[in-house]
Amino acid sequence: MRLVWRFGDTAALLLLLAAHAVAAFDPLSVGIAIGAASALTGYLSYRDLYCRFAECCREEQRLNASALKLDLKEKLFGQHLATEVILKALTGFKNNKNPKKPLTLSLHGWAGTGKNFASQIVAENLHPKGLKSNFVHLFEQLQKWIRGNVSACASSVFIFDEMDKLHPGIIDAIKPFLDYYEQVDGVSYCKAIFIFLSNAGGDLITKTALDFWRAGRKREDIQLKDLEPVLSVGVFNNKHSGLWRSGLIDRNLIDYFIPFLPLEYRHVKMCVRAEMRARGAAVDEDVVTRVAEEMTFFPKDEKIYSDKGCKTVQSRLDFH
């Protein structure tokens with residue numbers, strides 16, 4: 001009996017190694033090998049074994065809120081509001097087993113403030129491969145594209161970058177997918193997540209941040225209620241926002257308008273340090289200071305905020 005047990009384990013291991021070796025070439029062979037290994041071991045289901053070698057859509061997998069919180073805290077600098085709202089929104093949505101509609105987030109702020117980076121963090125915490133996942137999708141061909149991908153994975157993530165460059169009205173084509181419908185043409189979209197990224201509203205966000213600074217108040221005192229109402233109205237009335245007079249706003253289908261505050265000198269230095277660590281280099285504070293001082297800041301008199309956020313930190317660091 002002991003001999004048979006060892007043979008079963010060995011045969012299963014060989015089959016799994018064979019599956020791994022051909023994974024990139026022959027999906028059918030992978031399926032056959034994994035099925036045989038599953039039968040031999042009796043340990044794991046076919047799906048469990050298959051998902052060790054191929055990416056699977058695990059809708060039942062819970063969000064690790066602690067890991068998301070840590071990622072946002074350690075990687076997203078100067079954005080206490082965005083961190084708080086993204087964490088709250090995603091945790092609440094993923095803990096709801098039967099949401100009535102997809103989660104829709106609209107991220108606003110100037111270039112370089114962390115909108116793309118935040119969406120990357122979200123993607124990585126929902127699907128291990130992040131932006132390279134088969135279940136995380138960047139904007140392509142709206143309706144057909146969304147329908148096909150949700151059919152493959154109900155918990156798909158859709159990221160629409162540079163919303164402010166979309167022609168007015170185009171985004172309304174996806175309104176049925178964001179609405180309170182159980183199904184659209186036989187497909188449920190209620191577990192999907194939609195993220196819009198836009199520079200629109202950056203001026204409104206900066207004005208509020210400046211008002212706080214000039215009044216001697218800390219940026220950390222800015223709350224969502226100080227910005228969200230003016231932001232939603234502002235992008236609704238802005239012809240260049242991608243959401244101009246959009247039914248998505250009119251019908252209250254965007255769950256959160258998330259402001260990204262302009263970054264200060266100290267935040268730029270944090271970005272430089274993070275980039276140096278990412279390159280495996282020791283943090284040299286002299287270099288950090290030189291790179292930060294090369295950036296340009298506004299307004300003209302006060303020079304508080306980096307006009308490019310942290311967007312050019314990588315290229316500037318190359319020269320040091």
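Glycine residues also receive a Cβ, built from the backbone N, Cα and C atoms like all the rest.
Among the features that TrEMBL reports, signal peptide is placed at 1-24. The feature ATP binding site is assigned by TrEMBL to GLY109, TRP110, ALA111, GLY112, THR113, GLY114, LYS115, ASN116. The domain 'Torsin-1A C-terminal' feature in TrEMBL is assigned to 263-319.
Close to the recorded ATP site, the chain also has PHE117, ASN199, PHE260, GLY309, LYS311: residues not among GLY109, TRP110, ALA111, GLY112, THR113, GLY114, LYS115, ASN116 whose Cβ is within 8 Å of the site's Cβ mean position.
For ALA111 (ATP binding site), the same-chain residues 6+ apart in sequence whose C-beta sits under 8 angstroms from its C-beta are ASN199, LYS308, GLY309, LYS311. Compared over the binding-site residues THR113, ASN116, the count of CB atoms lying within 10 A of a residue's CB peaks at THR113.
Listed in sequence order, the residues of the same chain lying 6 or more apart from TRP110 (ATP binding site) and placing their CB within less than 8 Å of its CB are ASN199, GLY202, ILE205, THR206, PHE260, PRO262, ASP307, GLY309. Neighbours of LYS115 (ATP binding site), defined as other CB atoms within 10 A of its CB across all chains, total 26. Across the domain 'Torsin-1A C-terminal' (263-319), the prediction's mean pLDDT works out to 95.
Long-range neighbours of GLY109 (ATP binding site) (same chain, six or more residues apart, CB within less than 8 Å of its CB): LYS115, ASN199, GLY201, GLY202, ILE205, PRO259, PHE260, LEU261, PRO262. Here the Cβ of GLY114 (ATP binding site) has 27 other Cβ atoms within 10 Å, regardless of which shown protein chain they belong to.
Sequence-distant contacts of GLY112 (ATP binding site), defined as residues of its own chain at least six apart whose C-beta falls under 8 angstroms from its C-beta, comprise LEU263, SER306, LYS308, GLY309, CYS310, LYS311, THR312.
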